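Features reported for this protein in TrEMBL:
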DOMAIN    15-163  domain 'Myosin motor'
BINDING   108, 109, 110, 111, 112, 113, 114, 115  ATP binding site
């Protein structure tokens, strides 16, 4: 009897739907249910096309190691499961290869994890951009910009009166 070879893809092994563009039917209920299913399995990142949705787990997850950085380095955005490192790598490579300014917009309610997300993006870029005096200076400036970002993030707003 001939043995049939079965090929699996990333999508076959994914919890829920990793890219909401592929969710059918797409409505509020299926959207929320998909996020919850993924969150319940510690899959806190989900795509909507090239947008990354992040759900704050309010706990540490082992998904930011140096090995994870290497896993996402120079990989196609959709090649691996959704992750902030995929977005960070895409922006970094566009900056490096096309010499085009990049902007990553991180938004959310108070306590949603915006500061942590920005630290992760900056740490990823610092880890992959190489070595050398000029690069180290840029890395240091990038990482030192975080207190400025935090100051804006901690500003008093209509929804956040405790800042």
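Keep in mind that glycine also has a Cβ here, set from the backbone N, Cα and C atoms.
Nobody curates TrEMBL annotations by hand; they come from automatic prediction.
Positions of TrEMBL features highlighted on the structure.
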residue : record           : Cβ contacts under 8 Å, 6 or more apart
108     : ATP binding site : 54, 114
111     : ATP binding site : 56
112     : ATP binding site : 54, 56
113     : ATP binding site : 54, 56
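The Cβ neighbour count for residue 114 (ATP binding site), using a 10 Å radius over every protein chain in view, is 19. Around the Cβ of residue 110 (ATP binding site), a 10 Å sphere holds 13 further Cβ atoms from the protein chains shown.
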